[in-house]
Amino acid sequence: MTDETLETVLTENRVFEVPAEFAEHARIAGMEQYLDMARQATQDYEGFWAEQARQEITWSKPFSQVLDESNPPFYKWFADGTLNVSYNCLDRHIEAGNGDRPAILWEGEPGDTRNFTYAELLEEVGKLGNALKSYGVEKGDRVVIYMPMVPEAVVAMQACARIGATHSVVFGGFSAEALKDRIEDAGAKVVITADGGIRGGKTVALKKNVDRALNEGCDTVEHVVVLQRAENEIDWTEGRDVWFREIMERESADCAPEPVEAEHPLFILYTSGSTGKPKGVVHSSAGYLLGAITSMKWVFDIGEDDVYWCTADVGWITGHTYIAYGPMAVGATQVMYEGAPTVPDPGRLWSIAERTGTTVFYTAPTAIRALMKQGDEWPNKHDLSKLRLLGTVGEPINPAAWMWYYQVIGGGRCPIVDTWWQTETGSHMISPLPGAVPLKPGSCTLPLPGVMADVVDEEGNTVEPGSHHGGLLVLRRPVPSMLRTVWGDDQRYIDTYWSHFPDQYMYLAGDSATRDEDGYFWILGRIDDVINVSGHRMGTMEVESALVAHDKVAEAAVVGRPDEVKGNSIFAFVILQGKREDEDLEALREALRAHVTDEIGAIARPDEIRFADALPKTRSGKIMRRLLRTIASGEEVTQDISTLEDENVVRQLQGKA
Ligand code: ATP
Ligand code: MG
């Protein structure tokens, strides 16, 4: 099936060895140690994960079974064990004498700050746990959390975990409509929200959206717990609505952690919806927690002296695993910020990093590109010398942005962990272990120990590394942290992830990838994003990378447009660094085409280039390529664009504005 294989056109040859200084203190140091762990996992897969689970989790009742594969793809891990996730995140650190360790260093956009130690956080969690119980929330009941980036969002998630309720966090940027769909799908009994959130100097009317959602349905909801945050005016429904702080004052902090089965659903999280109707991804308790802990240690190399900061919102999986659970479970000190990264100026993140002494910093390529566009002077104003490790997630990072992050933010001394994973996998799957694996800009490098990632063709056969062909990214074995089903829709779970290859169960990630001669993984994009130009199949990512490498380009998105002769022609949407008015756009189009031809070859030369002020992105910052494909083909836009940050950009991209 040669015409079905994907070609890789862009080559990136730079290699960055592990800095000696970093390796010296790293938990996993040197390739040998990484390979040794990976080998152990390959030789005795269950034994490897069982040992990790015994070491890293404090069990209420130890497990004796490891992986139960009797009913694929409904896998179970550690099924006869019981535990409490909140106990693992809070109590055990306090019992070990670390109750006074700062857990959360929070800062709000207006400049207000609040800090919580582990002991203080446990008090909050206990009180809210008791309050939820007083509203009849029992083990297995669902609670929807619709909150801004305040410490209480983490408290709410942990309180649910403490009493065995299953939470579903809905990103605070979602509309009343999106909220309603999710509340109804989950069948929530209680909604925890705030009067409003604060972002970009504006108030986000959260409570108002909850009222709207509840007025239109959501009959299962009995109570709405409201945190006062923005102090905006809100409506009040007596009997249903209660103030967060009032109930906290009333409750005792003493709330025994409820032991739950390893497979008990800790939470439901709806995927960002980049590729269609959001799926309610269901995560387990023990397996999920285990992935969060091992990746915090292996990938973030987290230690006692670290100040860790993940800039994601708690509404995304990254905010679940790498804010609410992972850092807590390993007893880390973390920074949390509510607000826009450019208020009062584009140096805000670097100013917080300086003041808190951030050592490990984790963000998304879209944020890196946005801040890069603002210029070096902003990071250069701040002392970022405490940073020792940087990370990215969410999209492939183009080499130009990688280099900027590495040099300007990391001072050339911090490894970058480019972490490939998904809502569905629960924790990192492919990422450098920073003390062990040399880096290549734009590659997420190698799978974590115990992750059997592969690139395969349509038949499920491995595509040889170094063959310059791409294929489907799969996991050959189920990992402990991965999803257990789609909420209320087992069939969709089977169809979406496990049905692609006849006669074998392999997890289909939905991304295409290639591996180079060193076995390094390069993500090429979503399976749907592949373009076929005159029989050459390419990932859009590579063309985008080439465009972004041009001085004048800030961001680019590339899609295929149906073409009678070539199959697809290449359509590029480009956002410039400076003002469009200052440019001779026709000359620039030609320059960009020549540039792509130089970087990749004539085959990747964009046929059409359209300039705009912004790209259409989901609220989680991902480019909506499906929408761009519609626009490129000149079809009418019928997609739901309500999750777009700025609906005006659509007219611009259509060439109408
Ligand atoms: P939906 O599944 O609803 O379309 P989504 O896939 O955008 O939404 P997420 O689970 O948040 O929702 O994103 C996971 C996807 O993000 C991956 O499948 C991959 O396409 C992309 N991704 C994440 N991390 C990386 C990375 N380090 N490199 C390349 N791509 C990444
Ligand atoms: Mg996805």
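Count begins at 1; order follows the chain as displayed.
Glycine is treated like the rest: Cβ placed from N, Cα and C.
Per TrEMBL, the ATP site holds Gly394, Glu395, Pro396, Asp418, Thr419, Trp420, Trp421, Gln422, Thr423, Asp511, Arg537; the candidate it also names there, chosen from Arg492, Arg526, is Arg526. Ligand 1 lies within reach of Gly394, Pro396, Thr423 from the binding-site residues Gly394, Pro396, Thr423, Val548, His550, Val553, judged by a C-beta closer than 6 angstroms to any of its atoms. Same-chain residues with CB within 8 A of the center of the Val548, His550, Val553 CB atoms, the Mg(2+) site residues themselves not counted, are Ala400, Ala546, Leu547, Ala549, Asp551, Lys552, Ala554, Glu555, Ala556, Val574, Leu592, His595.
Within 10 Å of the C-beta of Val548 (Mg(2+) binding site) there are 19 other C-beta atoms, taking all protein chains into account. For Gly201 (CoA binding site), the nearest neighbour among the listed recorded positions (Gly394, Thr419, Trp421, Lys622), judged by C-alpha distance, is Lys622. The shortest Cα-Cα distance between Thr423 (ATP binding site) and any of the recorded positions Gly200, Ser534, Val548, Val553, Lys622 is the one to Lys622. Looking only at the recorded positions Gly394, Thr419, Trp421, Val553, Lys622, the one with its C-alpha closest to Gly200 (CoA binding site) is Lys622.
Distance noted between the C-alpha atoms of Gly394 (ATP binding site) and Lys622 (N6-acetyllysine) is 8 Å. Note on Pro396 (ATP binding site): other Cβ atoms within 10 Å of its Cβ, all shown chains, come to 26.
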